[in-house]
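Below is one structure; the comments refer to it alone.
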Amino acid sequence: MDEDSRPLLGSVPAGEYYTDSLDPKQRRPFHVEPRNIVGDEVPERVSSEAAALSSRVHYYGRLTASSDRLLAPPDHVIPSPEDIYIYSPLGTAFKVQGGDSAAKNPSIVTIFAIWNTMMGTSILSMPWGIKQAGFTLGIIIIVLMGLLTLYCCYRVLKSTKSIPYVDTSDWEFPDVCKYYFGGFGKWSSLVFSLVSLIGAMVVYWVLMSNFLFNTGKFIYNYVHNVNTSDAFGTNGTDRVICPYPNVDPDGNSFTLQYYASDNSTGQMFDRWWSKTNTIPFYLIVLLLPLLNFRSASFFARFTFLGTLSVVYLIFLVTYKASRLGFHLEFHWFDSSTFFVPEFRTLFAQLSGVLTLAFFIHNCIITLMKNNRHQENNVRDLSLAYLLVGLTYLYVGVLIFAAFPSPPLSKDCIEPNFLDNFSSSDILVFVARACLLFQMTTVYPLLGYLVRVQLMGQIFGDHYPGFLQVFILNIFLVGAGVVMAKFYPNIGSIIRYSGAICGLALVFVLPSLVHMISLNRRGELRWPSALFHGFLILLGVANLFGQFFM
């Protein structure tokens, strides 16, 4: 199509051109004079003034790519930013009421959006992580990891601002890595991002198998009037169990008298309703077809369930702690029959979990773009991290402190703390059922993100064909089934995937990008190089600690 036959205004993409007076990250569409705007009257065709204005903008657009700021249209070419309009291919313009700020979110919405995005399955492993590190050391590590990951996230957020003469308004952190490290930076950030997504999908499969097993067991016991004896509490209301108790080396039978396996219902039922042998395979029938959907927009409508689930978990933790009371004794370095030391050598397991628990670095730039007051981005990010850290501390500390020791040992705290409550507990049944439904809707979203990132890079298309997508989904489902059957420990899965992806996306790449940026400007000083080099070493030590501690 030649130039004269194209629609004059419809050929100008909204937001493609910029003015020097605007924020470099703010885009606004092409403009015409107010008298050419469609109102209640018959639509007026484009005037000669608007046609001349269009020609000038086209001229600047041909001088250079829109990503180059040096030859962007100056102020006298494009009118003031108050007059913002949307153009149709028919050559008419419609005024946008409220301007750009109408589509932005206030700070409170941005803060809770970050909180909601960061809250995930890691919250279920916080009591277990504190048990692995020790009560006192666990609290210290949660605070320190929150501060370190916040700083690294701040470096990611600021990384696009350090690139001169290039419009980075549409860039994500992988684009920044590509700018500094070429193809290696792009692919390394992609691979480690996929590790975090696939790790989350595996954890979801294990948890969905767990929740479906306990939900079905609750329904079976209720329908068949199966009574399970109490292990702790009255009428099963606050029953706390130790599913996998350690053998008491001193032969003290009192340790195990409150133990209940909570697994016996009926022989036939137990055979076909097994947490590891059958349930992971049943989920294939439900979830594999959902992964093959071309679009995940339907499942995105249920993301609000994540917020409701976290709020209900906080209520459940508060209620259980108020009923059970606190059971704490401080043994600083030596363990006892019922309590763990305050400082344990397994603390790296908690730091691995926290690396994924505080991980939002691969999407923080996008989340902050929608903040109405960009000057408050650092403050809002800090408040969001504070809220996330307090939530983790609240759940982890309360469950650990309220765990009844004696009669049970603190070592009985499971990687999923809901496993320490009987399947007959009504409040916990509601939590499991809600989490099961929520994860069933989120799992296809995670699969969609994996497909978009991987297929987009390999084939240049998010849905290259049913066969390619089906093979990818078979791999994703197979990974979940294998782990749910042979290694259903969500705490270890979270810490391994968190330490691997965190090594690159939390510690190494943000620090390297910042140091290279400072060095190119001649502003790198040895204190900054020493500190960011220390962050890189921490990431490496965090990864190795998962295998050797």
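Positions of Cβ are set from backbone N, Cα and C atoms, glycine also.
The domain 'Amino acid transporter transmembrane' annotation in TrEMBL covers 110-219, 277-540. Under the heading region 'Disordered', TrEMBL lists 1-29. Under the heading transmembrane segment, TrEMBL lists 108-128, 134-154, 187-207, 272-291, 298-319, 346-368, 380-403, 426-446, 466-487, 493-517, 529-548.
When each of 187-207, 272-291, 298-319, 346-368, 466-487 is checked for Cβ pairs under 8 Å to the transmembrane segment (493-517), 346-368 comes out on top. By number of Cβ pairs under 8 Å, the transmembrane segment (466-487) is matched best by 187-207 from the list 108-128, 187-207, 529-548.
Annotation: stretch 108-128 has the most Cβ pairs under 8 Å to the transmembrane segment (346-368), among 108-128, 187-207, 272-291, 380-403, 529-548.
Here the domain 'Amino acid transporter transmembrane' (110-219) is broken down by DSSP into helix, strand and coil counts: 96 helix, 0 strand, 14 coil. In this chain, the transmembrane segment (272-291) lies apart from the transmembrane segment (529-548): fewer than three C-beta pairs between them fall below 8 angstroms, excluding pairs fewer than 6 positions apart. A Cβ distance under 8 Å defines the sequence-distant neighbours of the transmembrane segment (380-403), meaning residues of its chain 6+ beyond its ends; these are 107, 110-112, 114-115, 118-119, 122-123, 126-127, 129-131, 135, 138-139, 142-143, 146, 149-150, 153-154, 157, 240, 310, 313-314, 317-318, 320-321, 324-328, 354, 357-358, 364, 368, 371, 410, 412-413, 417, 420.
Of the recorded ranges 108-128, 134-154, 298-319, 529-548, the transmembrane segment (426-446) has the largest number of C-beta contacts under 8 angstroms with 298-319.
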